[in-house]
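Single-structure report; data block below.
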Amino acid sequence: MNTLGHQYDNSLVSNAFGFLRLPLNFMPYDSDAEWVITGIPFDMATSGRSGSRFGPAAIRQVSTNLAWEGNRFPWNFDMRKRLNVVDCGDLVYAFGDAREMSEKLQAHAEKLLAAGKRMLSFGGDHFVTLPLLRAHAKHFGKMALVHFDAHTDTYANGCEFDHGTMFYTAPNEGLIDPTRSVQIGIRTEFDKDNGFTVLDAPQVNDRTVDDVVAQVKQIVGDMPVYLTFDIDCLDPAFAPGTGTPVIGGLTSDRALKLLRGIQDLNIVGMDIVEVAPAYDQSDITALAAATLALEMLYIQAAKKGE
């Protein structure tokens, strides 16, 4: 099978079917696609349980259970008729070479963005967001980050490849403006002086959705936004299949409502990460991720109107 790298793909974690049964296009750069889905089967930057390299395959597989619905509830229209989306398969890299993965992912993203495409990416561990941010910042300039997670990922431990350090590195590289960025669902220790607005899980759960959304919009304003969703933002009751689960998180219903609430933001790139199917039960984590990913596409399609 031809792949992003023009190589034969003998990966044990890739697959030959597209998200939501969407068309597969391994050379999407010259296509007429508006949004391109890329799988990133990488988990070498994990600090807890590994296995998120199998996340893209799990998300795609369970997404077939969502493909039947035409006018999806509650949107009442079919995203596929408004938005041209293709799945370009998984990034191919030398397994064990984190630097090669990072460089190839950034190059792939830069090429897509230069061709006028937008990206929805499936991790893999959360480190994959950093090369994606580098590519998006080259194209759009400094961005705001809207970040759903149980952890802030702003730790300065000096490790180059670590899924807990991206949002320490990204502001230092000038990729994002933390004062215009929001981290949602946090419920672990973090440095309160890093500049981000942190809406921790207790307050997000206790406040109304409209109240939280209004604060996010006020902070972000009209900046270009990169949206990243670590599945461990959800409570383990809704997403047990992840490397570093933390109780006390968001419900899947609240997460969907928050995504719908921020649809008016200028979202220029999106990802969903940290699905580790080995720890899942009845595919509920993969289903949550696939549904959230589909919701991300719907908020883009809604902007186009009829």
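Even glycines carry a Cβ here, placed using N, Cα and C.
The feature Mn(2+) binding site is assigned by Swiss-Prot to His126, Asp149, His151, Asp153, Asp230, Asp232.
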Which listed residue (Asp153, Asp230, Asp232) has most other Cβ within 10 Å, given these are binding-site residues: Asp232
Surrounding CB atoms that lie within 10 Å of the CB of His126 (Mn(2+) binding site), all protein chains: 31
Secondary structure at Asp232 (Mn(2+) binding site), reduced by DSSP to three states: helix
Other CB atoms, at most 10 A from the CB of His151 (Mn(2+) binding site): 25
Assigned conformation of Asp149 (Mn(2+) binding site) - DSSP reduced to three states: coil
Three-state secondary structure, His126 (Mn(2+) binding site) (per DSSP): helix
